[in-house]
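Taken from TrEMBL as is:
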type: TRANSMEM; residues: 28-47; note: transmembrane segment
type: REGION; residues: 47-84; note: region 'Disordered'
type: COMPBIAS; residues: 65-74; note: compositional bias 'Acidic residues'
type: TRANSMEM; residues: 89-107; note: transmembrane segment
type: TRANSMEM; residues: 119-136; note: transmembrane segment
type: TRANSMEM; residues: 232-250; note: transmembrane segment
type: TRANSMEM; residues: 256-273; note: transmembrane segment
type: TRANSMEM; residues: 285-306; note: transmembrane segment
type: TRANSMEM; residues: 340-359; note: transmembrane segment
type: TRANSMEM; residues: 408-430; note: transmembrane segment
type: TRANSMEM; residues: 436-454; note: transmembrane segment
type: REGION; residues: 509-548; note: region 'Disordered'
type: COMPBIAS; residues: 510-530; note: compositional bias 'Basic and acidic residues'
Amino acid sequence: MADMNSILESLLPIVEQLKDMQPFLPTYAHLIVSALIPIYTGAHASLSRPSSAAKPKKKSKVESDSEDEEEDEGKDTGSKMEGLEPSDALMFPLMAGLTLGGLYLIIKWLKDPSILNKILSFYFSQMGLFFAGALLRDGLKVLRSYIFPTTYSSGGHQWKVNQSKRIFASIERGSDTIAIERTSPLPGFLGAIPLPATFRNSFWGLRAVVYQKVQLRIKALTSFKAKVRIDMLDVTAAISALVAVTYFAFFAKPWWLTNLLGFSFCYGSLQVISPSTFTTGSLILASLFFYDIYFVFFTPLMVTVATKLDVPIKMVFPRPAGPNEDPNEISLAMLGLGDIVVPGMMIGLALRFDLFLYYKYKSIMLSKKESSAEGAEKAVYQRATGGWGERFWTGSNASKLLSFPKPYFYASIVGYISGMVVTLIAMQFSQHAQPALLYLVPGVLISLWSTAYFRKELNSMWSFSDMMADEESKENIEEDKEKEGKKISTKAGLFARIWSGDLKSQLDNVEAKKDDEHPNKKSLVEKSSSDEETSEASSNDSIPSNTDAEVEKCIFSLSISMPRRKV
């Protein structure tokens, strides 16, 4: 009986802490969900064709559902992310520590961080404009796919849009099938709603506007040329991002706008930076694990910089005031962006590993069915990103075709949530700021490597490389001179490439690409005789005097055109 009483007495402090924690549960739930959303969306947005899948055949202009689909075909040719190497495991905590120490000294020297906040706000606004624009653009494209999908299923038929005729036509499954047309621009059951001609035409016109692309050609002197296609969503996203960043930098910094910019930084970073292998990722997480512990527990640097600076390097969440805090003041819970991006890199790598394994095993099954002698036939890649509205309106069959098993991704998500919950509990009991990576790193790494152990895929996980190219990609790289300058530099780490002046090599590649823009000229010169070469040279010498003069006159030019689809 005495033992039971002692056990109950020892549990009383825990029960009291749980009661005190109850008012903070909505805030903690908000924090966890807000951390998971950029990880989930950023990881899925980073998907591209793995080396275990065959490159799909290019669709014709007629077969393509939209111009977006035509452009996205080029995006799935392989990973274009910045691969982190083992040397970055040393450089990341070193550079982060130097930056953190420098900011801490500046704050102590100025005594008023408002000046530093203004400088950093202007600096982050430049990057925030790009990342926020990309986030808003992708969000608007998802919304467009739900309101105006390119295809949908209804009444036992699958319907595909024909914008030029302003109809939806059923897809013919056989020669005896009679094509049926719908004049309503609304998808699914909404198409059965009778609309007046005025509203119907207005919806078709709005649909044309949000899908219409405009091609911009920009030339500045002789050193800069650019050609890009944009649509109304790109313009809307750019204007909205500019308004948001300007308001944040020069007017006010509400918590929701800070979180929006922080969300966009995380979303964009997870599509740009990734460890090249699981071992490299584990080394980077382990180094930042010790970095976080040292600067939170043993120095005041991390807490001081996080609380004094009001810039989008963190996410903040309103929470109830604590027992020793003024209830009239707004209390905020904080989560650093590093606690999202650093584990998120490994979670994104796990999702791409799932996609790699899916096509690897699918290719093996296809080889067995077709009794392939070589056994090297690859399954054709299907885009695993985008088309959310089309998936919704076409039903579960289309979703199954685009989905794939994700055991490593879900395991890492479970590990991340577990680490976050332990972090919040430790913070509640200790009443002190906690290094989140102290709990997140073991949660993510243990969940990933233990999953590989129990699935008996440790060898595959160990040898997997996110930067690995297949045979088709290697041929393209050898043919493209632009890639030759990166063969040596990609072996070094991210910081090593920056310090070695790798940006200059990219400029050299642009110049090399300009030389390759006219291959017909080179073939003509090779086929011509020596006399013809001399005559061509003499004639060419007389031409540049006029063309160069015209180019020099052109300081800046901008042309806008509306490309038409070829039928």
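Note: Cβ is positioned from N, Cα and C throughout, glycine not excepted.
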*Would you call the transmembrane segment (285-306) and the transmembrane segment (436-454) in contact, using three or more Cβ pairs under 8 Å, pairs 6 or more apart in sequence?*
yes
*Taking the transmembrane segment (256-273) as the first stretch and the transmembrane segment (408-430) as the second, find out whether 3 or more Cβ pairs fall under 8 Å, excluding pairs closer than 6 in sequence.*
no
*Near the transmembrane segment (436-454), which same-chain residues lie under 8 Å Cβ to Cβ, leaving out any that are not at least 6 residues past its ends?*
278, 282, 285-286, 288-289, 291-293, 335-336, 338-339, 342-343, 346-347, 350, 407-408, 411-412, 414-420, 422-423, 426, 460-461
*Would you mind listing the long-range same-chain contacts of the transmembrane segment (89-107), meaning Cβ under 8 Å and 6+ residues beyond its ends?*
113, 116, 280, 283-284, 286-288, 290-291, 295, 300-302, 304-305, 308-309, 338, 493-496
*State the non-local partners of the transmembrane segment (232-250) in its own chain: residues 6+ outside its ends, Cβ under 8 Å from one of its Cβ atoms.*
121-122, 125, 128-129, 132-134, 136-137, 140-141, 144, 209-210, 212, 257-258, 260-261, 312
